[in-house]
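Colleague: Relevant sequence annotations retrieved from TrEMBL are reproduced here:
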BINDING   Ser36, His67, Arg89, Leu90, His91, Ala121, Ser225  phosphate binding site
BINDING   Glu206, Asn248  purine D-ribonucleoside binding site
DOMAIN    30-295  domain 'Nucleoside phosphorylase'
Amino acid sequence: MITDPQEFYKKLEDAASYTRSKIDGFAPQVLIICGSGLGGISSLISNKIAIPYGTIPGFKTSTVQGHAGELQFGFIGTNRVPVMCMVGRLHYYEGYEFEDATFGVRLAKELGCDTVFVTNAAGGVRKGFKPGDLMVISDHIYFAGFSGSHPLRGPNLEKLGERFVPMSDAYDHSLRKTFFDSARALGITRSIHEGTYFFAAGPTFESRAEVRAIRTLGGDSVGMSTVPEVIVARHARLRVFALSLITNSCVDTPAPSALEDDPVAMDDGIASHKEVLEYANEASKDVERIIQHAINSL
C-alpha cells in the first residue's frame with residue numbers, strides 16, 4: 001500500500017526520467033500488457049527498443065515462467081502506432097504489493113499513453129468455453145476488493161486521478177467493438193466470446209467448489225491478474241481493452257466421494273501452468289493478428 005504520495009511520485013518520476021533517456025523522445029500512445037505465453041505480441045513491434053525491468057528505478061522483476069520481464073517500445077501496424085509493451089507482468093501472488101504489480105501502468109501514463117490493451121491466460125468458467133477460445137472482457141468481479149484488498153487503498157494519488165473511481169464502464173465499448181471488427185475483417189474462425197472476468201489472487205488454481213461459486217456470481221473466466229491493472233488504469237483515466245485467452249476448462253463437478261466413487265477421477269481436467277503456456281502458444285498467432293489490426297485502426 002502506498003503510504004507517502006510524495007515518495008511515490010518521486011519514484012515514478014525517476015522511472016520515467018530513466019526510461020525517457022533510453023527511448024530518445026519516443027512518445028508511446030498505447031500500453032500493451034502481455035499475459036502468460038502471449039509475449040509473442042511483442043514480435044509485432046518495429047524499430048524496437050527494449051529495457052529490462054530490473055534496470056528501471058523502482059520497477060520490480062517478474063519471477064513467472066512465460067514472462068520475459070522487459071519494456072519494449074516501437075511501432076505497430078502500417079499506421080505506425082507508437083506503443084509501449086510490457087513483455088511479462090508482475091503478480092500479487094509473487095509477493096509484490098499492488099503498487100509494484102501496477103507500476104507499469106502508472107509509468108505508461110507518465111510517458112504519455114492514453115490507452116491500454118491487457119491480455120491474460122484464464123480458466124474457462126462459463127459452460128461451453130473451450131481451451132483456445134478468446135473472451136473479450138466487458139466487466140469484472142473483484143472479490144478481493146470486498147474485503148479491502150485494493151490497489152487504490154491508502155492516500156489518493158491526486159496527481160493521477162480522483163479518490164472514487166467508477167468501474168461500471170471500465171472496459172471501453174468502442175475498443176471492444178474495434179477488436180470484434182478486426183477479427184471479422186481478418187476472417188478469424190476461432191471462437192471469440194464476451195464476458196465477465198473474475199480475479200482470484202492465486203497462485204493456486206480454483207477448487208471445484210470455487211468454480212461453481214464463481215459461475216453463480218456471474219464470472220465467465222477466472223485468472224490471477226488484469227483487474228488490479230485495469231483499476232489503476234481507470235484511476236489514471238486511461239481507456240482499457242482486455243482479453244482472456246481460455247487455456248483450460250475449469251473443473252466444477254463435485255469431488256468424488258471416498259465412500260463410493262473411484263478416486264482416480266480426481267485427476268480429470270486438472271489445471272497446470274504448463275497447459276496454460278501450451279494453449280497460449282497455440283492461439284497466440286490469432287491473438288497477435290487481431291491485436292495488430294485493432295491497434296492499427298485506432
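Any Cβ shown, glycine's included, is placed from N, Cα and C.
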Colleague: Can you tell me how many other Cβ atoms are located within 10 Å of the Cβ belonging to His91 (phosphate binding site)?
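Modeller: Neighbour count, Cβ to Cβ under the 10 Å cut-off: 21.
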Colleague: So of Ser36, Ser225, Asn248, which of the binding-site residues has the fewest other Cβ atoms within 10 Å around its own Cβ?
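Modeller: Checked Ser36, Ser225, Asn248; of these binding-site residues, fewest Cβ neighbours within 10 Å: Asn248.
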Colleague: What are the sequence-distant neighbours of Leu90 (phosphate binding site), meaning same chain, six or more residues apart, C-beta distance under 8 angstroms?
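Modeller: Set apart from Leu90 (phosphate binding site) by at least 6 residues yet with Cβ under 8 Å, we have Lys60, Thr61, Ser62, Tyr96, Asp100, Ala101, Phe103, Gly104.
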Colleague: Please state whether DSSP places Asn248 (purine D-ribonucleoside binding site) in a helix, a strand or coil.
Modeller: strand
Colleague: Taking only the Cα atoms, work out how far Asn248 (purine D-ribonucleoside binding site) lies from Arg89 (phosphate binding site), in Å, as a whole number.
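Modeller: The separation of the Cα atoms works out to 20 Å.
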Colleague: Under a three-state reading of DSSP, tell me whether Leu90 (phosphate binding site) is helix, strand or coil.
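Modeller: Where Leu90 (phosphate binding site) sits, the three-state DSSP reduction gives coil.
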Colleague: Quick check: in three-state DSSP terms, what is Ala121 (phosphate binding site)?
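Modeller: The three-state answer is strand.
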Colleague: Look at each of the binding-site residues, Arg89, Ala121, Glu206, and point out the one with the fewest other Cβ atoms around it within 10 Å.
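Modeller: Sparsest of the binding-site residues Arg89, Ala121, Glu206 by Cβ contacts within 10 Å: Glu206.
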